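Asker: Starting off with a structure, shown below.
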Amino acid sequence: MTTPAVIVDAAAYAQAVEDAVRAAAAYYDGGTSPLDDDTYDRLVRGIAVWEAEHPDGILPDSPSGKVAGGAVGGDVPHTVPMLSLDNVFSAEEFTAWTASLARRTGRESTRFSVGPKLDGLAIAARYSEGRLSRLITRGDGTAGEDVSHAIGTVEGLPERLAEPVTLEVRGEVLMTSAQFEHANEVRTGHGGQPFANPRNAAAGTLRARERAYTVPMTFFGYGLLPLPGTDGDLADRMREMAHSDLMALAADLGVHTSARTAVPDTVAGTPEEVLARVKEIAALRAELPFGIDGIVVKADLAADREAAGSGTRAPRWAIAYKLPAVEKITRLLEVEWNVGRTGIIAPRGVLEPVVIDGSTITYATLHNPADITRRDLRLGDHVMVHRAGDVIPRIEAPVAHLRTGEEQPIVFPAQCPRCGSDIDTGEERWRCAQGRNCHLVASLAYAAGRDQLDIEGLGATRVVQLVDAGLVTDLADLFTLGREQLLALERMGGTSTDNLLAAISRAKEQPLSRVLCALGVRGTGRSMSRRIARHFATMDRIRAADAEAMQQVDGIGSEKAPSIVAEMAELAPLIDKLAAAGVNMTEPGATPPPAADAASDDPAEVLAAGGPLEGMAVVVTGAMTGSLEKLSRNEMNELVERAGGRSSSSVSRRTTLVVAGEGAGSKRAKAEQLGVRLVTPDEFAEMVGELLG
Ligand code: IVH
């Protein structure tokens with residue numbers, strides 16, 4: 001929960017009110033607030049604390065007492081005020097709210113509608129006889145600005161409804177992550193400054209007139225109300241409808257709502273059910289393609305809403321259960337360039353440390369040089385950093401209006417920062433001309449890792465020794481190491497040497513999928529390596545595959561196929577050397593594909609035939625227990641595939657089974673929501689019984 005800012009005296013209070021009003025006005029207006037949401041919330045809570053203790057000193061401007069928190073109005077009056085929402089930050093605060101709602105409605109139990117609180121801008125869309133006639137911003141809540149020029153650029157707000165009805169749809173306009181990336185690319189491409197985050201981008205885009213370009217946004221409806229011209233019967237019916245029925249009507253009319261997302265509005269019968277749903281939505285947040293900053297809980301029944309009524313600022317029949325902020329503004333201090341095991345040179349942003357949802361963030365991914373250019377990032381910039389769930393933090397964009405002019409361009413390396421070789425800049429991701437030889441230590445340590453060749457005793461330190469001594473210049477050299485060579489190394493006794501040689505010898509017997517993975521083919525990880533190996537069955541067939549044949553592998557599209565084929569060609573000498581050293585080049589249990597002309601694209605045929613999981617798409621999540629306890633995630637996935645199933649890391653409608661161990665979070669929630677079959681590790685162990693051990 002947000003801790004309130006500490007306000008010590010009247011002067012600090014006045015300053016806090018001024019800051020909050022300025023930030024709120026910017027937020028509702030054009031979205032260039034100098035405060036991130038978390039800081040704003042803390043300030044407003046601090047103001048509320050001070051006001052509770054000094055009720056006589058409350059300033060008229062205070063955001064606590066105003067409709068929509070001090071935003072600038074427009075000249076189109078709203079028929080019914082567009083209110084804001086009160087917030088709760090914990091289960092306790094939520095329960096207290098349900099108690100006060102029960103007091104007002106006079107009934108103990110009520111029905112709630114629970115849905116995502118979309119992080120965009122409120123908008124009213126007026127439909128006249130089914131035609132979209134006017135778009136109005138919230139403004140100060142009583143009157144907003146006409147932004148009808150944006151009609152046609154907001155997906156989900158049809159220009160014609162399915163029925164010729166007159167009514168107002170209210171909802172949130174936002175940009176999805178993809179729309180935001182696109183908007184910033186187009187904007188900086190036209191010489192403009194990037195938007196700091198999707199919300200600002202939607203705000204700026206909505207209000208902009210006469211721009212040389214248009215960028216799409218998305219609408220989510222969350223309210224439906226009659227207008228003066230609405231047919232009397234319909235208006236009466238609408239006033240009596242449950243919120244959930246109104247939303248169903250909106251969807252039937254063709255308006256986009258949360259219904260078709262991973263977090264649709266649902267109805268809950270008790271506060272406990274609401275809290276369970278809050279947890280589920282929170283767990284799904286990181287994966288959503290649009291921003292949410294909380295969960296909105298509403299009394300679903302019209303009678304309850306009427307009985308609860310509204311205050312001047314917010315209705316009493318709804319509440320926003322706020323989630324921790326996932327965005328903070330901090331500064332970009334430096335950009336580091338790291339060379340990975342395949343020679344890819346990847347930039348990483350070094351940040352002024354910032355705490356987001358309890359973790360201190362000091363680094364953020366930056367993908368590639370083109371990405372930096374596209375987003376017009378500079379050293380010293382204030383940047384919006386985003387971190388949700390376990391996902392690696394990312395820099396969303398610079399906060400351009402906080403620039404001082406002191407920011408410096410980010411210098412791209414001219415030579416490989418690791419070995420000084422030339423850089424291949426032919427693709428978006430830059431690569432050292434030495435390729436995987438540049439960072440041989442990283443590439444060998446990866447190959448020897450548990451999920452690849454599983455060579456016990458060959459950790460990074462040992463690899464460094466071997467490389468420094470000149471004993472190993474590529475992966476294949478490992479398999480021709482002699483006992484005397486190893487014994488000559490420091491800290492290598494007879495026993496460790498024999499153990500290492502035995503582990504290397506065992507590694508020669510690993511299945512093709514693991515050998516392929518150990519090679520570190522760009523664009524293929526563990527699961528893709530398994531799919532390729534199962535599909536082709538032998539290394540020779542993989543090497544003989546052209547892009548078209550490669551595309552027959554499940555999950556390889558027209559973009560990836562040629563790059564894998566090129567990589568295989570690049571790796572040919574190394575593969576020959578490995579084969580000559582006696583490394584296994586076949587996949588046990590796999591049958592090669594039929595001749596190209598008989599190839600089928602029926603996914604059922606791609607899955608291994610036979611086995612207890614035949615035809616099933618399986619996701620493993622959480623910690624394994626019982627007889628599966630010792631298996632790594634990779635070994636679990638291998639087991640799934642040996643049993644005839646297909647392993648996947650994300651839950652979708654196509655998933656047929658989710659193995660949920662201890663601590664399973666968002667994937668379990670998604671499976672429950674989609675109605676996918678869930679089993680415990682023990683149940684799963686029974687299903688695949690004969691293949692275990
Ligand atoms: S219902 C009377 N439902 O959050 C207000 N609002 O912070 C009824 N918002 O002004 C609003 N998602 O702009 C509602 N599912 C949702 C929402 C939502 C986002 C916005 C809305 C509101 C603001 C309050």
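Glycine is no exception: its Cβ is also placed from the backbone N, Cα and C atoms.
TrEMBL: automatically predicted annotations, no manual curation.
Not my notes, these are from TrEMBL:
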BINDING   ASP37, ASP38, THR39, TYR40, ASP41, SER84, LEU85, ARG138, GLU172, LYS298, LYS322  NAD(+) binding site
ACT_SITE  LYS117  active site, N6-AMP-lysine intermediate
BINDING   CYS416, CYS419, CYS438  Zn(2+) binding site
DOMAIN    608-682  domain 'BRCT'
Asker: If you measure LEU85 (NAD(+) binding site) to CYS419 (Zn(2+) binding site) at Cα, how many Å is it?
Answerer: 57
Asker: Quick one: Cα separation, CYS419 (Zn(2+) binding site) versus ASP41 (NAD(+) binding site), in Å?
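Answerer: Cα to Cα, CYS419 (Zn(2+) binding site) and ASP41 (NAD(+) binding site) are separated by 48 Å.
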Asker: How many whole Å apart are the CA atoms of CYS438 (Zn(2+) binding site) and ASP37 (NAD(+) binding site)?
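Answerer: Between the Cα atoms of CYS438 (Zn(2+) binding site) and ASP37 (NAD(+) binding site), the distance comes to 44 Å.
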Asker: Hey, what's the Cβ neighbour count for LYS322 (NAD(+) binding site) at 10 Å?
Answerer: 21
Asker: Would you find the one among the binding-site residues CYS419, CYS438 whose Cβ has the most company, meaning other Cβ atoms within 10 Å?
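Answerer: When each Cβ's neighbours within 10 Å are tallied, CYS438 tops the list.
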Asker: Fewest other CB within 10 angstroms, which one of the binding-site residues LEU85, CYS416?
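Answerer: Per-residue Cβ counts within 10 Å for the binding-site residues LEU85, CYS416 bottom out at LEU85.
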Asker: Count the other Cβ atoms sitting within 10 Å of the Cβ of ASP41 (NAD(+) binding site), across every protein chain shown.
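Answerer: Cβ-Cβ neighbours of ASP41 (NAD(+) binding site) within 10 Å number 22.
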Asker: If you pair up every Cα among ASP37, ASP38, THR39, TYR40, ASP41, SER84, LEU85, ARG138, GLU172, LYS298, LYS322, the residues annotated as binding NAD(+), what's the maximum separation in angstrom, rounded to an integer?
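Answerer: For the residues that bind NAD(+), the greatest Cα distance is 26 Å.
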Asker: Among THR39, LEU85, LYS117, GLU172, LYS322, CYS438, the recorded positions in the record, which have a C-beta under 6 A from ligand 1?
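Answerer: Passing the 6 Å Cβ check against ligand 1: LEU85, LYS117, GLU172.
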Asker: Helix, strand or coil: which one is ASP37 (NAD(+) binding site) in, per DSSP?
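Answerer: In the DSSP reduction, ASP37 (NAD(+) binding site) maps to helix.
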Asker: If H, G and I count as helix, E and B as strand, and all else as coil, what does DSSP give for LYS322 (NAD(+) binding site)?
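Answerer: In three-state terms, LYS322 (NAD(+) binding site) counts as strand.
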Asker: What is the pLDDT of the domain 'BRCT' (608-682) when averaged and given as a whole number?
Answerer: 88
Asker: Measure from the Cβ of THR39 (NAD(+) binding site) and count the other Cβ atoms within 10 Å, all protein chains considered.
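Answerer: For THR39 (NAD(+) binding site), the count of other Cβ atoms within 10 Å is 19.
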